[in-house]
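First the structure, in the form of structure tokens, and then the observations on it.
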Amino acid sequence: MFIISSKNMLQKAQHAGYAVPAFNIHNLETLQVVVETAAEMRSPLIVAGTPGTFSYAGMGNIVAIAGDLAREYNLPLAIHLDHHESLADIESKVMAGIRSVMIDGSHFPFEENVALVKSVVDFCHRYDTSVEAELGRLGGIEDDLVVDSKDALYTNPQQAREFVARTGIDSLAVAIGTAHGMYAAEPKLDFERLAEIRALVDIPLVLHGASGLPESDIRQAISLGVCKVNVATELKIAFSDALKEYFLQNPKANDPRHYMQPAKQAMKEVVRKVIHVCGCEGQL
């Protein structure tokens, strides 16, 4: 079986002190890049897609292509539902073969968040599907959802302990000062808060908003218990910038088999860098 749950993957990372990258993909080319690069580096891999990605590319297409690539490269991987908000949506995708989900109820009050997440956990665990949830809110833009910086909330360590105990989630996405999208100025991450959460919570922790973070910050977060690092915007920028440059240099280009190559190569360099920073090369 090549499409797997991320639970054991993250537990192994937690015990060994590295993190597994979760790369957001959008189409055939971006999916090819992350799978091929992870296979070359023998890195565990989580392929992430937002509701918008699954709507755009097609649920069946993503699962089929990812499964074919995983078999071709002998690379078990997790296809992960990133920032999904609907139990019904998650149920349908789990029944279609997904085994790793994130239910995002972070915009709800604490008790409503707990209730929603618990309902997802109760369903998903019947199908050996791992569940990630978020406590606190990241600022920035994710899948056309905008969270203003004033509405971003840091994760409360004591609440995190209660949240994990009451919901039974497999991993916890924490808010410690990161944001979705690229940073206008270098962010100041609250590593003291992260250490407090780690002391109270024994499941793998997840860092969203890693695009553009200094490598030293990512490494420090991993040393304090982060086992999954999400990267999306940095991949899109590398891909689209290379594509734009190709058309500037080749304005009459019309063959996607040619103009997609430099875009894929640029994205591949970002994927290689992230795998290296996460310390997961050779961890298969």
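Note that Cβ sites are derived from N, Cα and C of the backbone, with glycine treated the same way.
What Swiss-Prot says about this protein:
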- ASP82: active site, proton donor (ACT_SITE)
- HIS83, HIS180, HIS208: Zn(2+) binding site (BINDING)
- GLY181, GLY209, ALA210, SER211, ASN230, VAL231, ALA232, THR233: dihydroxyacetone phosphate binding site (BINDING)
Margin query: Using the alpha carbons only, what distance in Å do you get between THR233 (dihydroxyacetone phosphate binding site) and HIS83 (Zn(2+) binding site) once rounded?
Written below: 15
Notebook entry, point to check: What is the interatomic distance between the Cα atoms of HIS208 (Zn(2+) binding site) and ASP82 (active site, proton donor), given in whole Å?
Noted result: 10
Check: GLY209 (dihydroxyacetone phosphate binding site) to ASP82 (active site, proton donor): how many Å between their Cα atoms?
Finding: 12
Check: Three-state secondary structure of ALA210 (dihydroxyacetone phosphate binding site) from DSSP?
Finding: coil
Next item on the list: Count the other Cβ atoms sitting within 10 Å of the Cβ of the residue listed as 'active site, proton donor', across every protein chain shown.
Entry: 26
Item checked: Protein Cβ atoms within 10 Å of ALA232 (dihydroxyacetone phosphate binding site), excluding its own -> 26
Note to self: Give me the CA-CA distance between the residue listed as 'active site, proton donor' and ALA232 (dihydroxyacetone phosphate binding site), in Å, as a whole number.
What the structure shows: 11
